[in-house]
There are 2 protein chains.
Amino acid sequence: MTAVDFGFSVEARDGMARAGHVRTARGVIRTPAFMPVGTAATVKAAWPETVRKAGADILLGNTYHLMLRPGAERVARLGGLHKFMNWPHPILTDSGGFQVMSLSSLRKITEEGVTFRSHHDGSSHAMSPERSIEIQRLLDSDIAMQLDECVALPASRDETARAMELSLRWARRSKDAFLASAPPPGRAIFGIVQGGTEFDLRRASAEGLVEIGFPGYALGGLAVGEPQPVMFETIAATTPHLPQDRPRYLMGVGKPSDIVGAVARGIDMFDCVIPTRSGRNGQAFTRQGTLNIRNAKHAEDQGPLDSRCHCPACRDYSRAYIHHLVKSQEILGAMLMTAHNLTYYQDLMVGLRSAIRRGRLAAFVEAFEAGGADY
Amino acid sequence: MTAVDFGFSVEARDGMARAGHVRTARGVIRTPAFMPVGTAATVKAAWPETVRKAGADILLGNTYHLMLRPGAERVARLGGLHKFMNWPHPILTDSGGFQVMSLSSLRKITEEGVTFRSHHDGSSHAMSPERSIEIQRLLDSDIAMQLDECVALPASRDETARAMELSLRWARRSKDAFLASAPPPGRAIFGIVQGGTEFDLRRASAEGLVEIGFPGYALGGLAVGEPQPVMFETIAATTPHLPQDRPRYLMGVGKPSDIVGAVARGIDMFDCVIPTRSGRNGQAFTRQGTLNIRNAKHAEDQGPLDSRCHCPACRDYSRAYIHHLVKSQEILGAMLMTAHNLTYYQDLMVGLRSAIRRGRLAAFVEAFEAGGADY
């Protein structure tokens, strides 16, 4: 593989929205991009080929899960995460911070970092900006994330400000550790904007990160319970303070309507467990909205989940069959629902990218909201 | 599709073993054949393409499970089992009798048939030879099985004889019902030899069935706890009383060594949940014997499950990765283990067929028992 520098090119704009490419050593990511989540080194219930055929250019791996099992040093000894999980394409790893806050127990946060106990076995672990970056280098991810502090909600303005400022200091330490790790060409680290739904804190966070300087910027701490309009307003209040020539990643988002609205406000990258987790629970995304395949009305429906979908589940299987499988708790039910939902999400991104390039995003959003977008 | 009559041709013999083809309307089955089990209209954790690529010519569907969920009439309204589950190749259905005996509750057996309650919801059902055949026609299976009575073990000789004689009377009623159902060309019904491990009862059962006349004959009530040598002796005592020009199917068998020994004693067809169920539990079959992938010694093993296997799990994934997935209860672990074990079983059948055709079965069996057969 020829060494390639990490880069981002915006090739079309429509309002605040952008379409382009992120370039990494392991391949190009078409933006706006949706990253399926491969928590424990697998996108649950999917062969990697299925994820790729759905249209994914990049996956997300969870540092918290992988450091606990099988362990970052073990993954490194086995040749890195890409080889381990048979995904030769780009991988973004999160910092582990969010899952430490949401899954582990006995957390203690200091200036240095966070100590916690594993949700698997109660074992003690420590995470600092430096250790998070070390783990992400051991996994050999293409895009690493800084360690940040995600405050638990509800949080006061003071608490939100304190966590944002700590995250800024950790951003500098994360970047320093990343550079000190001598990453091969084509890798990048992103900073993470915090500040809750306080616009001035978001602005201060963004400006602080830009001063440090990152190849890409994420928005963390959104889609954590606030109403969708508040999330949209916070995005719109933040992106003007981020450079035009760097990708913007909205972490952990979201429902299709969240993605459409965020793209219109200048976001380039997304990750979320919704398509996979909801799929395993029986919720299918379609161009006509969501459906619960467990509903009895599907028991003899010979049609596909979505008549305009080209995925293997829609090509070869009826709603009636998938209803039967999901009701019977058959693994193939999870496999078909996952393949479909991942394809739906990627098709939505194809539609958004195409609409931006044609200068038709407003019409796309309107049609999407009416349940009839051309994607 | 041109109408084709059901048929069986023996093309090579080696001792008691035979290699040939079963011809059905939906395709040819190379014998000796192993049928993966698709209990609830799915081979668990496998795309149909995966099962086919492993080398399967035919699947088994369980009448008991399918009659309860989604229901035989529903499957018929949806176009039959093949279309429902996206398997256009041959399907054999059992009669439902074995699962009624092993899974349902409040069973009551009379001359007419059996009444029982569903293990799902306690609902009452009745099964007669005529209803079993009707269900199998609704499913549109290629090979139907007569209803028989499988006695619970341990059973006295008197009880074994009584059940065998009842099964013979049900065999005639099953055949009559099958013929009365006007099956399309290329379908068949098999009779089932019962009689436990009493050789004279097995002979009487076989002779009674041959007098009725079937396109194929199964051996039921074996591999139910008796030692392997007793099973082999019972097979050897039975096959001489079955016609040479009809396929012989050993139901519910078995481990690889069971299959090898039974093929050497004249069996042509097998079905068993072992490769799929064991795979989901972490047991892999390899040319060097079985291994438990959960064992810690595999945690950093970069080799494949079986270095001579061509399956996708062995081609693209390490034991270390599969160990991680299975320990983490990830669905992909079940998917990879299932793909591998099904491929192992089909490769074993390829090896057996090839050995018979080359007149080298004795050497194959010897090498197999030493862990080094050339397959």
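From the backbone N, Cα and C atoms, a Cβ is placed for every residue, glycine too.
Among the ranges A:21-27, A:105-111, A:252-258, A:294-300, the stretch that TrEMBL annotates as region 'RNA binding' is A:252-258. Feature annotation (TrEMBL): of A:156-160, A:196-200, A:276-280, the stretch labelled region 'RNA binding' is A:276-280.
For the substrate site, TrEMBL lists A:D94, A:S95, A:G96, A:G97, A:F98, A:D148, A:G221; matching the candidates A:Q194, A:Q228, A:Q244 against that entry yields A:Q194. Zn(2+) is bound by A:C309, A:C311, A:C314 in TrEMBL, and the record lists one more residue there from A:H125, A:H241, A:H340, which is A:H340. For the pair A:C311 (Zn(2+) binding site) and A:D271 (active site, nucleophile), the Cα-Cα distance reads 20 Å. Distance between Cα atoms for A:D148 (substrate binding site) and A:C309 (Zn(2+) binding site): 38 Å, as a whole number. Remark: A:G97 (substrate binding site) has A:V114, A:M127, A:S132, A:L147, A:D148, A:E149, A:C150 as non-local neighbours, by Cβ distance under 8 Å and separation of at least 6 in sequence. A:G96 (substrate binding site) and A:H340 (Zn(2+) binding site) are 28 Å apart (CA-CA, integer value).
Cβ atoms under 8 Å from those of the region 'RNA binding' (A:276-280) belong to residues 36-37, 43-46, 290, 334, 337-338, 340-342 of the same chain, restricted to positions at least 6 beyond its ends.
Take the mean position of the Cβ atoms of A:D94, A:S95, A:G96, A:G97, A:F98, A:D148, A:Q194, A:G221, the recorded substrate site; other residues of that chain with a Cβ within 8 Å of it are A:M101, A:M145, A:Q146, A:L147, A:E149, A:C150, A:S167, A:I192, A:G220, A:M251.
Taking CA atoms as the reference points, A:C314 (Zn(2+) binding site) and A:Q194 (substrate binding site) are 40 Å apart.
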